Amino acid sequence: MKMKEAVKTYLDKTRDLPTSVILVFPLFVLYQLGLLATGGVRNGVDFVTDVLMALAGHNFWNYFLINLGILIAFGLSLIWLRKKGEFNPKLWPKVIAESTVYAFFFGAAVIGMMRGLGLDVLLASGAGAVEYGVFDSLVLSIGAGLYEELVFRLFLMGGMFYAGVKWVKWPAWLAATTAVLVSSLLFSAVHYIGSLGDPFELGSFTYRFFAGVLLAVIFYLRGFAVAVYTHAIYDVIVMVFR
């Protein structure tokens with residue numbers, strides 16, 4: 001009984017949005033500091049770095065100190081929340097372990113979805129993605145997990161669902177379906193935009209679309225933090241270890 005209650009508490013806590021934000025915040029700091037050594041390579045939907053650089057006057061050390069200050073403020077807030085009993089740091093290893101399991105099976109699940117619809121033949125003509133060094137790949141993987149889930153799942157999918165139900169008065173199922181499909185299409189499309197984008201290829205576009213759908217399911221069932229860590233860890237597996 002205690003095990004069942006512990007699992008339920010974990011599932012409920014990790015689906016809570018404020019808790020999820022705390023859980024993913026270290027990725028934000030790691031990514032922002034990691035950008036200092038990538039030579040300008042960053043995630044395509046990163047909308048925060050320009051703001052921080054402007055605040056820093058485009059000065060390296062000012063940017064570093066701003067991020068250090070953010071990290072210290074986060075640490076102090078974490079200590080305060082822990083003392084109040086509003087956050088348990090033991091959630092981190094559990095979320096990372098759960099997300100790692102999902103990440104290892106993620107690619108197979110996406111291919112399975114495509115195969116079920118007879119679309120796996122598109123993968124045979126896949127074009128190679130842009131390749132980066134190990135460190136750049138780690139930073140980009142963290143940035144992808146954080147910013148792409150923030151933009152496409154939390155903001156876009158969540159916002160479209162809310163607008164569809166509250167403003168357009170759609171049935172919940174129609175609003176949810178539309179939000180998942182549109183956000184997944186845009187999620188896939190953004191990988192081919194800009195000077196750092198991959199060359200467009202239908203197979204990889206379709207794969208990324210279904211990856212977006214699967215991440216949307218993880219986001220809905222398990223919350224923002226698990227979706228972020230699953231995405232980031234999967235990208236590390238693909239970009240660094242393959």
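Residue 1 is the first one shown; counting continues down the chain.
Cβ coordinates come from backbone N, Cα and C, glycine included.
Just so you know, TrEMBL annotations are computer predictions that nobody has curated.
Tertiary neighbourhood of the transmembrane segment (21-40): same-chain residues 14, 48-49, 52, 60, 63-64, 67, 70-71, 74, 78, 81, 87, 91-92, 95, 135-136, 138-140, 142-143, 145-146, 224-225, 228-229, 232, selected by CB-CB distance under 8 Å and a gap of 6+ residues from either end. Here TrEMBL flags 21-40 (among others) as transmembrane segment.
Feature annotation from TrEMBL assigns transmembrane segment to 60-81 (among others).
Outside the transmembrane segment (101-118) by six or more residues, the chain places 206-207, 210-211, 213-214, 218, 226, 229-231, 233-234, 237-238 with a CB less than 8 A from a CB of the stretch. According to TrEMBL, the transmembrane segment annotation covers 101-118 (among others).
For the domain 'CAAX prenyl protease 2/Lysostaphin resistance protein A-like' (134-237), the model's average pLDDT works out to 95. Taken from TrEMBL, the feature domain 'CAAX prenyl protease 2/Lysostaphin resistance protein A-like' covers 134-237.
Positions annotated as transmembrane segment by TrEMBL: 138-165 (among others).
Tertiary neighbourhood of the transmembrane segment (172-193): same-chain residues 44-45, 148, 152-153, 156-158, 160-161, 163-165, 199-200, 204-206, 208-213, 215-216, selected by CB-CB distance under 8 Å and a gap of 6+ residues from either end. Positions annotated as transmembrane segment by TrEMBL: 172-193 (among others).
The feature transmembrane segment is assigned by TrEMBL to 205-229 (among others). Remote same-chain residues near the transmembrane segment (205-229) are listed as 11, 14-17, 19-21, 23-24, 27, 95-96, 98-100, 102-103, 106, 109-111, 113-114, 119, 122-123, 126, 145-146, 149-150, 152-154, 157, 179-181, 183-185, 187-189, 191-192 (criterion: CB distance under 8 Å, separation of at least six residues from the stretch ends).
Long-range contacts of the transmembrane segment (138-165) within the same chain: residues 24, 27-28, 30-31, 34-35, 37-38, 41-43, 45-48, 132, 172, 174-176, 178-180, 182-184, 186-187, 190, 212, 215-216, 219, 224, 227-233, 235-236, 239-240, each at least 6 residues beyond the stretch ends and with a Cβ under 8 Å from a Cβ of the stretch. Secondary structure of the domain 'CAAX prenyl protease 2/Lysostaphin resistance protein A-like' (134-237) per DSSP (helix as H, G, I; strand as E, B; remaining residues coil): 89 helix, 0 strand, 15 coil.
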